[in-house]
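Undergrad: There's a structure below that I have some questions on.
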């Protein structure tokens, strides 16, 4: 406030003097306007420089905060990516396990037998029984009918004949059993029904023949038993009851021989009976076919239960254990993923709330542009101020020159326009010119330095 009053008093005094001297007021008014404008621009320039420093500090602080936040965010993102990768691997393993489990369940369902395990065991026992019966019949045929006396050779041949049931089993499976279970066409069902019907009729016929042959054998056995009793009675009658010695009776002997011949004839009739032939033939064929059918029904059932219980179920059990283990490992990993996602969201929000580096850079560039514009304005104001100051001094000199008479002017010229004085004044003016833009080093404000330089010039001119 005191400085402003001093400036106003000085301006007033200067204006008063110039008014008394009759100097044009416009020159000094322009000087004052340029000087005040320079002071205002300098103040604005200092404010902008201070604002630029604050903006740079904020920019640096924001850059540091951004680097720190981005570093923490990068750590969280890396942790999240690692955890997410592990989660994806585990989820892929779970999906693979589920796919394998579903596939095994489908296979298990496809392999479901048409009969129960007990039925399969019964069919297996029946098939073994049929093969054993066929083996016995074949052995009898080989040993007696073919007259193979070597026991090992006879059994080997008989086993080969009995294994015809095993040979017939694939044919039965492929032609009858499998099409019936897998193919729903009427042709397969009719074929299966026809085969079962023919087999049933064949079995019934075989049982009838065997029944009739058993009856013939039973009748022959009873007849032989009666003949044996009659022969025994005849032999008892051929002994003298008193002496116990045999009685030589041709008639009795002939009767005994006739009875024995009848017994032998009964055996021959039984052996040569067509019922015996049919019994052996039909029973052998029936046992072979029945063995093949029984094995064809039993083995798929046992195979199905074997596949389901001993192959699929252990795999399903291992897959369930593996799935539970992976799910147990996923629980803490899921918590880790949740934590990383939470921290990532928090850091993203923090970064969003931080000052934008682009905005700070734009603000800094704007302030730099304003400072550059103010520097140009200050330069122009300083130039105008010095020009107006020079013009004011020049006008003041002209007034002084007009007031002087010739003697005063000659005396002033002789005292001021000497060589040494001109050199000293040139050096002083050069120093003053250089001192005006460097007012910051003198500790005075720019307008004070300019005013001091102008006053010094006026004083020198008045000397």
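Cβ coordinates come from backbone N, Cα and C, glycine included.
Caution: TrEMBL annotation is automatic and unverified by curators.
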Undergrad: Could you check which of 59-77, 78-96, 154-172 is flagged in TrEMBL as transmembrane segment?
TA: 154-172
Undergrad: Labelled coiled coil by TrEMBL, one stretch among 301-328, 329-356, 357-384. Can you tell me which?
TA: 357-384
Undergrad: Under TrEMBL, which of the candidate ranges 275-302, 387-414, 415-442 is annotated transmembrane segment?
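TA: Going through 275-302, 387-414, 415-442 one by one, TrEMBL flags 275-302 as transmembrane segment.
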Undergrad: Can you tell me the mean pLDDT for the coiled coil (357-384)?
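TA: Result for the coiled coil (357-384): average pLDDT 81.
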